[in-house]
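What follows is one structure encoded as structure tokens, with my remarks underneath.
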Amino acid sequence: MALTAPWKWQGYVWACLWSSLVSMLFGLDTGIIGPITTMAAFTGRFGDLSPTIHGLVVSCHLLPGGIMAAFAGGLSDYFGRETLVTVGALVHAAGMLIWGSSVNLAMVVVARVICGIGLGLFISNISVYIVEVSPTRGRGVRAAMAQLLLTLGLVIGFFMCYALIAELDPESEWTWRTPPYVVAGLGVVFGGAVWTQPPSPRWLSIRGRLDEARRVSEKLGLEAFGPDKSAADAGGATAGPGALTLMGAMSQTFRGFRLAFSGPYRGRSVFACFVMTVQQFSGIDGVLFYAPKLFESAGFAEAQTSFLASGISAICIMVSTIPATLLADHWGRRTATMWGGVAIAVEMVVMAAVYFAGQGESGGGRWVVIVMIYLFAVTFSVTWAVSLRIGVSESLPTGTRSSAMALAQSCNWAGNFTIALVTPILLSASVGGTYLFFGICTILGTAIMYVHMIETKGTQLERIDELYVSRKAERRTEVENARGVAEKTRLRLTPLDLRDNNTNEGQAMSEYVTPPMLASGRDSAA
């Protein structure tokens, strides 16, 4: 029997790979912004930035990105996941071109805002697209591939800046203009590649194009499936003719939001938003955006040295993401989340204690901080970076997945914006207090996820829906039973009012229904 070429019988792998490569743009964006804003050539042109202005320049792309991410789900429900990923990559590339050509700080901010719009369009739709074009077996590995390539972008971004500082004149403006131009070129290439990929079969299914969904499933190498039950239950999730216009698309988006927060979907949508927000309050992007400043606080004063240390942290993240990616379907989403939360909290508290003891900038304490930063980067990459995003994507119903995931990603961006904005301000006030804040947030988030998160590893998406529905029914039954017991107890402890009968009979009956302990207490009082 002749062997079929891999690119024919594993089409879903190629679809996942090309869409995952787009996530590298986010890593590159994150990897270059911190070093660029501390370069001598950048500050020479735009002046020394105060902590507030520094935080604003770094974070200004996140707020528009979060707003756009909220609408990206509804737009992708009509136009398709891969279409939004492509458009987002190209918009991000345009922003990078403007950034590289900036002549004043306002132009930098505008460019960053445009980059954020592009990121908001593609980042949540990458996860949705990968989940929907993947078979159950190995789905976690392919979903984690996006995180792996994102970390590769981090490494490339940090070391690109380090190489430019080392090889070029530090005062040359090409040290900070080159990285945005490189990222823009990659955005055009990756966005064009995604444009060649087929649409999601599940997206075609909820659009009512069932025959085409079966053909695409066969092309991708997926098992044939009929209409998605959760999509059918979500009646109204499909886009109508009105979505052909911009206002129609916006209206469809808001309908998707209402659906995501209606009836049986509300609890999962709220929890998804919470989880994606907590992920940022672990402090990961505070570390990534401001790695050079964190290492300066630990005693590395030279720019090249702090850039190198930042690059090493990115390598730790990427290397640790490899086993996390390969073992994503062996480790439970919930298990990884719990262990990761405990480890992250411990690492943050240790760093806070070192700084509160006055040992964070010299001697052995400095090396404890450096090791803890690297351990935190590894811990987050192995656990929360993979388990939270995959778990959230898998737990949402197909009919509301794109809208709910867009809202969750929007909350993630809002948390990211908050952390990126306040981290330099917190660092200027108290380095130890900054780490303690991240540790407390992680502890609280882990405790809440321990109560509400269920395991989705190796479970079909449609079966996950059933698990959530049955769990909700069980909890409702438990609550009703508890209320019934409480009501019976209340009635048993309440004396009967028999004032219509004679006094002696009423007193006797009242004492009959009053527990002995209460009766004896009443007699003592008398």
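Even glycines carry a Cβ here, placed using N, Cα and C.
According to TrEMBL, the features are:
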DOMAIN    15-457  domain 'Major facilitator superfamily (MFS) profile'
TRANSMEM  12-33  transmembrane segment
TRANSMEM  53-72  transmembrane segment
TRANSMEM  84-103  transmembrane segment
TRANSMEM  109-131  transmembrane segment
TRANSMEM  143-166  transmembrane segment
TRANSMEM  178-196  transmembrane segment
TRANSMEM  270-291  transmembrane segment
TRANSMEM  303-326  transmembrane segment
TRANSMEM  338-357  transmembrane segment
TRANSMEM  369-392  transmembrane segment
TRANSMEM  404-427  transmembrane segment
TRANSMEM  433-453  transmembrane segment
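With pairs at least 6 apart in sequence, the transmembrane segment (84-103) and the transmembrane segment (12-33) have 3 or more Cβ pairs within the 8 Å limit; the two touch. When Cβ-Cβ distances below 8 Å are used as the criterion, the transmembrane segment (53-72) is approached by residues 29, 33-34, 37, 84, 88, 95, 105, 108-109, 112-113, 115-117, 119-125, 249-250, 253, 257, 289-290, 406-407, 409-414, 416-417, 420-425 of the same chain, each at least six residues removed from its ends.
Distant neighbours of the transmembrane segment (338-357): 282-283, 365, 368-369, 372-373, 375-376, 379-380, 382-384, 387, 430-433, 435-436, 438-440, 442-443, 445-446, 449-450; these residues of the same chain sit at least 6 beyond its ends, with a Cβ under 8 Å from one of its Cβ atoms. Contact between the transmembrane segment (270-291) and the transmembrane segment (84-103) is absent: fewer than three CB pairs lie under 8 Å, with pairs separated by 6 or more positions in sequence. No contact links the transmembrane segment (84-103) to the transmembrane segment (404-427), because fewer than 3 Cβ pairs that are 6 or more residues apart lie under 8 A. Long-range contacts of the transmembrane segment (369-392) within its own chain (CB-CB distance under 8 A, at least 6 residues past either end) are made by residues 127, 131, 140, 143-144, 147, 151, 272, 275-276, 278-279, 282-284, 287, 291, 294-295, 298, 309, 312-314, 316-318, 320-321, 323-325, 328, 331, 333-334, 336-337, 339-341, 343-344, 347-348, 350-351, 354-355, 360, 405, 408, 453, 456.
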